[in-house]
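The transmembrane segment annotation in TrEMBL covers 27-50, 70-93, 105-125, 157-177, 189-208, 220-242.
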Amino acid sequence: MSNVMSHQQGQPVARTHTGRYVPDCKLWTGIAALVAAVTLLTEFLVRTALGPRPDLDDTKALAEFVTSTSTATLTIILCDTVLMGALIVFLAAFRQLVTRDHRELEWIGSIVFGAGLVFVAITLVGDSLEAGGALDTVGADAAPIAIRALTEGYMPIFGPMGAVLLAIVAASSGYATMASGALPRWTGWVAYVVAVLNVIAVPTIYGGTNDRDFYSVGGWGVAAFATFPWLAWVIVVGFVTIRDRRRIVETEHGVARVA
């Protein structure tokens, strides 16, 4: 499908052969990153306010904790669902950004998009398990055994399973970024670093379930040094694309005035 160019307020606008606007992938990369930033900050603030979870062996304390934090937990799950939706948009826009002028990189872009979608999918599964534990306490007495089973179910998803997928996404993104030149090279190097951090996080599956331990399957180390760096990279890339888009538009307007 070929595109034609029209102009709106001095800015080139791509259209399809039917006359419909083609969304600007740089703009939508930035919008998705902005949504991700807002939801991630909200999740962080709410999660921090909850405090550490009791040991899984202390079933009574675990049930009381989940009961008292059920509303906050469901809020986190809702924010995470919105975040995952934003990531789908980001992944699609990023793939277009790095492949539109370099068709030979399409298969790399497909790896980024495919692995990213699987990460989104399993994260939503983990969110459902965590939400199930919270919902178990709403309007009924909490079932400690069920809550423990659900908690142990989502830990590997948020930990090593997600880390494997994010390592693939980050490494592929770094290569596509540097090979295409669509973004500053330093963003590609940062993506490589993020990939290494996620690989380091994979063995946490053998580290136990205490979320107060740094290097455990449910520990804060995975979130702080694997998942969060990738999300931070997403946000940075989004803002970089918005900045570059604005600079291009300003340059085009300046040329138009001179002409």
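Residue numbers in this text run from 1 along the chain shown.
Just so you know, glycine gets a Cβ as well, placed from its N, Cα and C.
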Maximum Cβ pairs under 8 Å to the transmembrane segment (220-242) - stretch from the list 27-50, 70-93, 105-125, 189-208: 27-50
Residues of the parent chain within Cβ reach of the transmembrane segment (105-125), under 8 Å, 6 or more residues beyond its termini: 80-81, 84, 87-88, 91-92, 94-96, 98-99, 154, 157-158, 161-162, 165-166, 168-169, 172-173, 175-176, 179-180
